[in-house]
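Copied from TrEMBL, the annotated features are:
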| type | residues | note |
| --- | --- | --- |
| REGION | B:1-21 | region 'Disordered' |
| TRANSMEM | B:80-100 | transmembrane segment |
| TRANSMEM | B:120-144 | transmembrane segment |
| TRANSMEM | B:165-185 | transmembrane segment |
| TRANSMEM | B:205-223 | transmembrane segment |
| TRANSMEM | B:232-252 | transmembrane segment |
| TRANSMEM | B:298-316 | transmembrane segment |
| TRANSMEM | B:336-361 | transmembrane segment |
| TRANSMEM | B:409-428 | transmembrane segment |
| TRANSMEM | B:465-486 | transmembrane segment |
| TRANSMEM | B:492-511 | transmembrane segment |
Amino acid sequence: MSSSAVPGGAKTLAKRKATQENKLKQQLQSQPTSTRAAGAGGSSSTMLKIYTDESQGFKIDPLVVLVLAVSFIFSVVLLHVLAKVTGKFF
Amino acid sequence: MHRLASGHNTTGTTTGSTYRVPVGSSPALGSRRCLQFCQPELVEPTLCASVRLLDLAKPFVSLLPEVEFPYQKIGFDEKIVYTVASVAVYLLASLPLSNVSQGRLADPFTWLRTPFASQAGTALEFGLLPIVTAGFLWQILAGLKIVKVSFESRTDRELFQSWQKLTAVLIAVVYSVLLTFAGYFDPVDQFTSQESVPIWGRLTYIVQLSFMALITALLVELLDKGYGFGPGILALSTAWSATQFATSFVGITTSVTSRGWESHGALVQLIRNIRNKSFGLAIYEAFTRENLANLTQIYIALAALGVAIYFGNCRVDIPIKSAKVRSMASVYPIKLLYCGALPLVFTYAVLYNLNIIGFAVTRIFNTAPFAKYIGQWKLDEFTSSTYNLTCGFLYFISASPKNISPIHLLVRPITFSLFTVIVSVLFAKSWSNISGSSGRDLAKQFKEQDISMIGHRDTAVGKELGKIIPVAATTGALIVAGVTSVAEGFGLSNGLAVGVLIGVLSALTLLESVMTEFQQSGGMGSQFGQLFQQR
């Protein structure tokens, strides 16, 4: 009674198991392997685009990035000037 | 959703956005729910229970600065301004590191630098290399499922991205420590080497280079997140190779050499020579000088540029039509260079990393017997501003022409070409799958946007594209790598040709995204948009 109760699908239990496993395997294979495949932008065939998600870190404005970069440049220049003024390495 | 749509457009841009149906409408959702209901064991219990490598980034996430997404869509003009500004800031950073005398530094990596926008002895000592390496490394690890990342979950994607940024900075730290202790930053001439840099000075190299890597990552992120155009890596690399090529060709700046003042530009130097020296000697010198760019390099680079543009236009047009709107037919182009410049970028990233590690290891363990098998570097006696690879494993996969033994000279171009071609082709073969642009992924996109291939059923689209894409990817990589091995293999070009090649291919990719943006936004109200309309 119980073995023939489930309608549809393969008849024997072994075949049922095989289809089940195949299905799982296929699902595992069709899992996305990149952010683009998951539909969230990112690298494509011709581009390496790696920062496309917003994670929880402290968020900064793009202008802050530019200012940070320029201030870094100035700090390196300042180090040069200091080295020249003191005539030593520090 | 808008952002995704713009990133996703397939062909004729307008088709992409107009056909779009709200995703997640009832039938799809219903079927998925049923699936989960029927098979509750789908979620693997082990995956949730054990600590994954990905989760180890969690403590660092709050420390890493993160560019926030734009609140509203950035206009065409603003994008151009942001792109130019970040590129300009990046180029400005090519100023000498503090405590390093740039003129007295010998550089072993000259032939690898142009594609990665790096310059010896400056804050751009590593350029884009840490970011490119981290990006490729994580994407490949995830793509080959060595590291399990479920990209559908948002948290996993965020952790994945944090890892990429963290790895980039870590690579910069490790490499700067290695190079510092290998004595790379020490001046090479005998007179000044007595005054050795104290430990504090050495520490500043590491701090400066690590901080610069973080800033570069942020600049790339700024461009990636839609404030500017295109992938940031390609934008910066393109700008750098463009400036390098222009400087090598017509640069009017001069510097003192053993032969007196010389211009940086090969053409300018030719004119200078003609005015000062006999005609034959002038021409000979303009083609053969080694310390700065010469005309041979320029011609090789120009040839590479032409070949890249020619093959960049080769494509297969696949006829497509809308499944919804009748008589809306178009073509979907699949390019021969399906992976663009990326196979080359990857190959050169591998080479650059190997060379940095090899150089540092052989310098630190210079007495060990294995050191000479890794690679031997010799100071160039004419300019004393470069180290040339002369022997060892790294010599055979390099473009260095400096060796006395004729067997070495004959073998090296062959092994170099083989290495370049094999690595590029292998990379291209798996990259279309890894990056989510294989035939199956494209078919999925087509389905989402209600596009169907003319003459094929919907179920066969993936298979049909799968016939074309791997062939295009590998052939394209073969062509690009072949051009590189011809242009660079003889060691005459010193990295300029490959830089220009990668630059042009990246520029074509960038231009695509600029034009897409222009067409989608209309570009009517923008100032820069008028540039594109005058035709």
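Glycine too: its Cβ is placed from the backbone N, Cα and C atoms.
Automatic, uncurated: that is what TrEMBL annotation is.
The transmembrane segment (B:80-100) and the transmembrane segment (B:205-223) are in contact, since at least 3 Cβ pairs between them lie under 8 Å (pairs 6 or more apart in sequence).
For the transmembrane segment (B:232-252), the residues of the chain that approach it from at least six positions outside its boundaries are 83, 86-87, 90-91, 114-117, 127-128, 131-132, 135, 216, 219-224, 263-268, 292-293, 297-298, 301, 341, 345, 496, 499-500, 502-503, 506-507, 509-510, judged by C-beta separation under 8 angstroms. Taking pairs at least six residues apart, the transmembrane segment (B:336-361) and the transmembrane segment (B:165-185) share three or more Cβ pairs below 8 Å and count as touching. When each of the listed stretches B:165-185, B:298-316, B:409-428, B:492-511 is scored by C-beta pairs under 8 angstroms to the transmembrane segment (B:205-223), B:165-185 comes out highest.
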